[in-house]
Every structure is written in C-alpha cells, then in structure tokens.
C-alpha cells in the first residue's frame, strides 16, 4: 500500500483518467460506494447523519455518500456549505444525480443545526488545503470540533495538509478517516495524524499501473499481509546454530535493566545463541535475571565499560550496542571499534546513538550494514534539526539521512518509519500508546537483532520486527492489559501470542 503526497495523488488521478480512460465521474462513484461500505460498521439507522459537502471533488464524493446512505434508508442529510453555482465538473454531475434521485440538498443556514445530528461526515475539503481556513469552513469546523458526536472524514480531515509539513491552525478532528486508494503522508506525521482518528483505507478502483507509473519513491505501509508473506519459518530439522549467534553489548552500574530486556527479547523472538556483554561489576545482578543467555563480563571504570572490547565480535552473526551503556567515554571507544571491526550487521540504539553524533561520518565508509533506531529526540541530536521540524517532515528527513550515511534508519514513534540505504521507506501499522514507556526501545532492539539473524532480507527483518513489537502491544491491550499499565517486559511476554496469530 503506497503512501503518497498530494502532488502524486493528483497525478495518479490524472493518469487514471487521461491515460487509462476511467472517468472522474466513475472514480467518484467508486469512492462514495467504498466509503459507505467501510463506514457501515460505525453507523446505525436510528442516527441522524449530516454529510457536510464542499464545492470540490471531496464534495462530489459527499453527494455519492449521501445518495447511497439514503438509498439504504439511513437518516442522512446532504448539507451544502457553498452556493450551488460554485459546484462544477464531476461534483456538479453527482449533485444533479442526487437531486434527480428525489433527494433534497440542504443549504447551511446556521452552525447550530449540527446539534440535531448524531453523526457528522466531513466531505468539505480535500488534499489541496494549505494555510488558514476561510469562512464558512472555519466556523463550521470549529463548531464540529466542539460537538461530542461521531465524526467521520472522507479521504482526509478538512484543513489537514496532505503532506503534513504545513502548520495547522484549525482542522476537522475526526474519530475515523476513510482515505481513498492511498494514505497520504500527513496520516503519519505530527500534529496532522491527531486529526485523523482511526485510519481506514479503501480502494476506489485505480489500477496499479497508474500508481506505478507516477510514484518513483517506494513509500509503503507495512501490514500484517507483508509480515505473513516475508516472515521466515523454521525448518522441522533446524537447530540452535541455524538461528544466529547474537551479541548484545550494554548496561552500566545505574542501568542494569536495559540489557536484560534486550537480551530476553532476542531469546523470545527466536535468536539461536545469545551472548550478553556487560560491565563486570553488574554481572552477578544481570546473570541472576537471565538463565538462557551466555555472558561476557568486560572490564569497567566507574561502573561503565572502560572502552576495551572483552570478546572477539567476529564470532557473532549480528551485534546490538547501546541499551543502558550510559554516556561515559568508554562507550564511545567501544562504538568506534565496532564501526571498524564488526563485519556483521550492527544495531545502534539508546546511548549508542548519543556517541554516534560525533562518529556518524564513519558510517559513510562502513561496508557492513548498520541499523540505527532513534526516537525523535535522538534523531534531532543526530541531524541538528528541531523535534518539531522532524515531526512535520519524518519521511523527507529520515530518507535524506539514510541515503547520506548509508544506513537502515528506524525512526521510532507512532507509525515507525523504516528507511533503507537506498531510500525506500516502510511505515509500520501496528502498535499503540502502551509502547510509550521506558524500556520499549530496548525490547525492540532485541527483536530486531533476532530477526536480522533469521531473515535473508534486512529490510524485511527490520520491518517485521517493528510490526511484531507493535502487534504485541495491540494483543496485550485487547486481552488483559491497558495502555496505562502495560510495561516493556509485558511486550516480551506478549510475543508468543503474536507468533501464534501469525502461524509461525
């Protein structure tokens, strides 16, 4: 499922109509039909439904939606926000079909009439919005946002810029957005994503050829469908040596829990043989919490690594560095050595990313795969950009960094984005706010390490790890936890349910 910009979506529509020959009238009919089918579970016939209709193509979709709902005997009113003479093209055609079907169009007279409805469907403005909203949209949307009614948006909430990189002063705040054919970039950027509510995607019959002919950058949603297709299954005759020898390097005197969570996640996610390298002063503490791993205690200084590697990293198939290492100089020396000597995939997380700010130029010449897993704050430090700038431009900035430094970049957050060294991008579709806890990233690092050792394709390994991590949170919240009480170690214990669900 491709994620698109506004300009790409306009060009896809144009190609579909001019090069393939599907008319805009037909696409609009398809859009309305698909919207209603997806919206039906949210609606019931004793509701009064207002469809707020603007003058453009989004408004044309609204007329189709209103007609179909009325034909299904819903109490639906088409409320036109603009003067009839402003309707044109395909929207005017569907307005006339609506009227000829025997239905009335109600002009907006007062925003207070919205209080008479149980559900509001936003078909006012589409993907071309930039800047502040003008009257009558501004007053109407402000009134909608103040109502405690079910609110659905057609394609994109009115007032939200499709590309997500423009300020939002006012926009329709939907409970559910049913987007047409392709999700838009703003569905995965902040603050735009907060206006979408739950995101649903429906096909309106645009052939794949149109998208493939127009969109040159791979920017896709990674869903359960992709996970099921690409997850590696175990051979009945496999043994532990076939599932990877992984090394986790982490921990310090004041952060003993992080490497424990990472290592447990590696084991639970299928790592064959896992070794945990830790400062020798915390060896007894950590060893008492994990019985399935092997340990490599390294020399320390003031409770932190002293900078010398205590084992031969060439013995391992993949290495993860960073969870709980702290910010003493010894950690930077270790990372510097790993960048040169680890001739296997290297995952850098947590305080490892702090050191990387000074070492990142070395990434450009490293010939082996490097996987970075920053959250927005860590990525801000790596790039020198503000957090606000990153949130508005997550796709562009993560792609720029991955291309420049030749890394796999996992930009964590709601809808984590995985970017490959070639610039292809994959948006995770699992997870919830239960993951907004300390330790969640340490667990993800462990899952990534395990999957990297058990997949032939690194992008698939990383994207699947991110999905499974989020899916564990979804399963836990749906079963016996809440977003409030769920903690990082619960995510590890939730992995078996996910693997069973995926039939792995």
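From the backbone N, Cα and C atoms, a Cβ is placed for every residue, glycine too.
Because TrEMBL annotations are produced automatically, they should be read as predictions rather than curated entries.
Keep in mind it's a predicted model, so treat the numbers as computed, not measured.
What TrEMBL annotates here:
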DOMAIN    9-212  domain 'YjeF N-terminal'
BINDING   57-61, 126-132, 137, 155, 258, 324, 375, 442  (6S)-NADPHX binding site
BINDING   58, 122, 158  K(+) binding site
DOMAIN    223-502  domain 'YjeF C-terminal'
BINDING   412, 413, 414, 415, 416, 441  AMP binding site
Expressed in Å to no decimal places, the gap between the Cα atoms of residue 441 (AMP binding site) and residue 58 (K(+) binding site) is 40
When pLDDT is averaged across the domain 'YjeF C-terminal' (223-502), the result is 97
Cβ neighbour count within 10 Å, max among the binding-site residues 60, 324, 413, 414, 441, goes to 60
Quick note, residue 158 (K(+) binding site) and residue 415 (AMP binding site): C-alpha atoms separated, nearest Å, by 21
Given the K(+) site 58, 122, 158, its other Cβ neighbours within 8 Å of the Cβ centroid, in chain order, are 52, 54, 62, 123, 124, 125, 126, 153, 154, 155, 156, 157, 172
Rounding to whole Å, the Cα atoms of residue 58 (K(+) binding site) and residue 127 ((6S)-NADPHX binding site) are apart by 9
Near AMP: residues not in 412, 413, 414, 415, 416, 441 with Cβ within 8 Å of the site Cβ centroid are 375, 411, 417, 428, 431, 435
Residue 122 (K(+) binding site) sits from residue 137 ((6S)-NADPHX binding site) (Cα to Cα, rounded, in Å) at a distance of 11
Smallest number of other CB atoms within 10 Å: among the binding-site residues 57, 58, 158, 416, that is 57
